[in-house]
Ligand code: NAD
Ligand code: MG
């Protein structure tokens, strides 16, 4: 039985809490070394009281001060070291006191600590897809150099990983054709607006966009699922993890979210990973790989399953998906810019200052703006990534303030 000491980046989020739900069931296997969060003090107090980490980090200094005060007043938590800021996140992710890092911060904020874990040669359980979308080759090269083991938490990539033969599970450098694989098929539900009349898309509220039919997730990824930018980011994520060409990567709509993705082999066999739409399954798979542990998720009840259906994604309904697929093959500058523009646009949508359909318009415009200065240029250092990211965020903010305030 393998044992691991964990650093959980983004412990208070949907993935963080699901990770701790699996950990709770296996105290003999997992110890918590570090928990991190942005601002949620109440949740962190509860998690620190239960899991007694060596260290608790809150990015927000006021939140860290409040957490330190509460923890020091309870005998059971008084020894937990509380830190604040971004530097400690990177230190914790690369500290030798833990061997496994769950990268579950949402968005670009997760890039630096996730990359620090990769550079330190950790087992990195990757949920934070934006980090890989932003840095692609840099991220995978860092893993090859350090010997870090990347395990995909995203349910689609986890499904694909499970359907690959052992020799192709070398993420970043696998040779799909040599392993007899024709195609990777990413499945996506199509989100809550899959059947809505197109004319009604523009007036959809944040609450409606976040009401995903199958998955219970954080707000940002829920909006990304409604636009299908999430599937676009996953397409880019798959390209890097599985070393795919455009011809080796397809997206198929599958509204029931029972098949989590598939691998199609040269002999006509298609391997699919199936299960309930519950992130504890891929999380448990990554936590214990190559062993298997209980996740708390019930097996599929085939007698209760309705039809499993499949369709292609409608380009008019999901312009973000096409933007992401195009950006994937345009170059690193394009995926970094697209991700940044999307984060800014989604934040504005969530606070009520941008229409749902304008998310795609802002993303398209920002990538186009940056194309003139960045196309053909290498983005192969963290500084270069952060520079494109910063510029795209500034452009997206300007664009929204000038043209889109609602
Ligand atoms: P969430 O919003 O529920 O949680 C985000 C976590 O990140 C919280 O702990 C928060 O404190 C922390 N955080 C937020 N902003 C931060 C910042 N600026 N600096 C440091 N920490 C910060 O998000 P989630 O749904 O758990 O998603 C986390 C990541 O996992 C995302 O990249 C998402 O795409 C990916 N993912 C999520 C799911 C899911 O089911 N929720 C599935 C697949 C992939
Ligand atoms: Mg996914």
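Heads up, residue numbers simply count up from 1 along the chain you see.
Any Cβ shown, glycine's included, is placed from N, Cα and C.
TrEMBL names 154, 156 for binding Mn(2+). Of 62, 66, 81, 234, the residue it gives for the same site is 234. Taking CA atoms as the reference points, residue 15 (NADPH binding site) and residue 154 (Mn(2+) binding site) are 10 Å apart.
Cβ neighbours of residue 234 (1-deoxy-D-xylulose 5-phosphate binding site) (same chain, under 8 Å, six or more residues apart in sequence): 129, 154, 156, 157, 186, 188. Taking a C-beta cut-off of under 8 Å and a sequence gap of six or more, residue 12 (NADPH binding site) has these contacts in its own chain: 37, 38, 40, 43, 44, 47. Ligand 1 lies under 6 Å from the Cβ of 128, 154, out of the binding-site residues 128, 154, 156, 212, 230, 234.
Rounded to a whole number, the C-alpha distance linking residue 212 (1-deoxy-D-xylulose 5-phosphate binding site) with residue 218 (NADPH binding site) is 10 angstrom. Taking a C-beta cut-off of under 8 angstroms and a sequence separation of 6 or more, residue 218 (NADPH binding site) has the following same-chain neighbours: 13, 14, 15, 106.
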